[in-house]
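Each remark here refers to the structure printed beneath this line.
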Amino acid sequence: MTALPSKNCSFQYQSHQAPRSLDATCLLLLIILGKVLLNVLILRVKRKDTSWSFMEYFCFSLALVDLLLLVNISVLTYFRDFVVLGIRFTNYHICLLTQIVSFAYGFLHYPVCSLACIDYWCNLSRATKPSSRWQKLLYLLTVILTWISVLAYVLGDPAISASLKTHKTSVNQCPSYVSTQSHWLSLSMLMILSVAFLISWQEVVALIQAIRIASYKNKAVLYFPFPPHTSYTVSPRAVLLPRLIVCFLGTWFPFVALQVLILSLRVQIPAYIEMNVPWLYFVNSFLIAAVYWFNCHKLYWRDGMFPVDPFINWKCCFVPVHRLKQVERPMSIIIC
């Protein structure tokens, strides 16, 4: 597959000539199949006791779109040249479908992250939660509207349409598109995380040395040493920041290292691969931590006030265990 330059400012491209002996279609099928299996794996291993949010709905919709993409490419590959309702489908449509999906995925990073951040911010500042049925319906409609909007933009943008028509006769070569949205989003997250770590690295080290893994209500949790509290209000930002960093890196450190490696080597990943469920859950955890830090003065130990992360139990950053009966004998102690 070959990546070609475009005038669209939201994308970057690189060119490379694939070996003629390599079947690009089979390679594309294997890539999409691997992505679908990875999406299914992440959706199965995530925590099941999570409350639904916009990001949860979008992750499931993305997994469904990837599955539909795999089915369509498989059908086009198997039949190769066939006619349906007077429309002739060939190998060219495999390339066309991949290009459209790549453009759509490439434009989704900023809107999805913005909507997820607004969702968590509103849920945190709201005293009472709305009806669960109406909230789920709102999430579903928002996800559908997001997909429709981005597809309408991709199909209606003159520059993208011109790029798609340029390669209409090309069968052996297919342009692959690389979104710059994910690049800048990843770079921004890593910079914020680095600054936060530099500001509170001493507290982070001290906290890691004091962390205990304890059994709390028949679940293994990280037990942070809390100073005496007279209420259930959370600690100030300076105290909360190292706890958030430890929780985030404790879960997503391999993914953070992968992002550093990708940015350092300037690896160009096609947009249809880069937009995936693990990446969205990684961004989701970062957004939740950021919302917690900015709104630490509003947080209380109440289940309804905490957006639930499918991979991180953020309550261990806030909940002081005052009654020793609630905490069983520590299973282990982590010492740096």
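Start at 1 and count along the chain as shown; that gives each residue its number.
Cβ atoms are placed via backbone N, Cα and C, with glycine included.
Per Swiss-Prot, topological domain 'Extracellular' is recorded for 1-21, 78-95, 158-187, 265-272. For Asn8, the entry in Swiss-Prot reads N-linked glycosylation site, with the evidence type sequence analysis. Residues or ranges marked as transmembrane segment by Swiss-Prot: 22-42, 57-77, 96-116, 137-157, 188-208, 244-264, 273-293. Sequence annotations record features per position, and here Swiss-Prot assigns topological domain 'Cytoplasmic' to 43-56, 117-136, 209-243, 294-336 based on sequence analysis.
The transmembrane segment (188-208) shares the most Cβ pairs under 8 Å with 244-264, out of the stretches 57-77, 137-157, 244-264, 273-293. Outside the transmembrane segment (273-293), and at least 6 residues removed from its termini, the chain residues within Cβ reach (under 8 Å) are 31, 35, 38-39, 42-43, 46, 55, 58-59, 62-63, 66, 105-106, 108-109, 112-113, 116-117, 120-121, 124, 178-179, 182, 185, 189, 192-193, 237, 240-241, 244, 247-248, 251-252, 255, 299, 307, 309-312, 314, 317. Within its own chain, the transmembrane segment (22-42) is flanked in space by residues 1, 62-63, 66-67, 69-70, 73-74, 77, 91, 94, 98, 172, 174, 272-273, 276-278, 281, which lie at least six positions past its ends and keep a Cβ under 8 Å from the stretch. Counting only same-chain residues 6+ beyond the ends of the topological domain 'Cytoplasmic' (43-56), those with a CB under 8 A from a CB of the stretch are 63, 112, 115-116, 119-120, 123, 135-136, 139, 142-143, 277, 280-281, 284, 287, 307-311, 313. When pLDDT is averaged over the topological domain 'Extracellular' (78-95), the result is 73.
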